[in-house]
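Going by TrEMBL, these are the annotated features:
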TRANSMEM  25-50  transmembrane segment
DOMAIN    41-302  domain 'G-protein coupled receptors family 1 profile'
TRANSMEM  62-80  transmembrane segment
TRANSMEM  100-123  transmembrane segment
TRANSMEM  144-167  transmembrane segment
TRANSMEM  187-209  transmembrane segment
TRANSMEM  250-276  transmembrane segment
TRANSMEM  282-304  transmembrane segment
Amino acid sequence: MPNASSWSASSPLLLLWEDSSGTRIFLSLLYAVLAISGTLSNVMVIYLVFSFKKLQTTSNAFIVNGCAADLSVCALWMPQEAVLGLLPPNSSSLRSPEYRLLRGGLLSLGLTVSLASHLLVAFNRYVLITKLPSVYQALYQRRHTGCMIGLSWALALLLVPLLPGLWTPGSAQQPPPRQTDGSSRYTALLLALAVLGQTALLLHCYLGIVRRVRGSAKRVSVLNFHLLHQLPFPAAPPPPRRAQRRLSSVSVLLLCCVFLLGTQPLVWVSLLGFFLRPAPPALQAASWLLLCSLSALTPLLYTWRSEEFRRAARSVLP
């Protein structure tokens, strides 16, 4: 039986070789919807941040970095998957190793930088809320912020050629190989452990914010920074009441739940394929779909509670 990594590598991620034409058309339409909505939302966030001075903050710099990475998935990779779903299974486009290499590179580059940006945003907000203002100002100088963003792309470019599991040669209309590829199995394991570690750090940051906000409203009111308005929950200068603190915690926990829903299925499917037995192909495809759909949801995750973003959007949209 093929493992999770070899299956994803030897066929388009969600276009399985035994799928009927109706299923392939449905997945193509789903890809098209995610591509259009994700591209528009990511471009809108980038445009608003560059157009309005009040939105040009350190926290939003990391958000824009994630939106730029998500455009690689939503604007470049997803439309190709939508078109491929409408092609016949024996199409030459599905067999070209160079084309598969390009698609795999776009996907791995976008997802790596996007996940790194999620962690950078979480750590930025954690330092802002839980540390002294002097510590925050020393850590997040403009030069340091630029280095963090540059390192996220450098790390992604370094990992792209090290992920052969994304573009192992194969054709979509043929079953995946029966031989177990050891390098692909270990690549899937390392990727799963990396995403699991990143998720643990992100949860530590946001749960630390929740504990600080719930335990000390006075601490939040003292930090009268303009960056507080970029948090996914309200942080007004007056000490929040109990209902407001409860709303803050729910907002952060909702963000964490959406992130977990998008990342963890693929992690545990990969771990299952490495240690026990491969998951069904449909489950593997669904886990990839959830991870890729996170690229379309990122702008909403970080802007839906920001009054500054809503005000800027209202001034631009008719």
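Glycine residues also receive a Cβ, built from the backbone N, Cα and C atoms like all the rest.
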Annotated stretches the transmembrane segment (25-50) and the transmembrane segment (100-123) touching (3 or more Cβ pairs under 8 Å)
no
Taking only the residues in the domain 'G-protein coupled receptors family 1 profile' (41-302), give me the average pLDDT of this model.
77
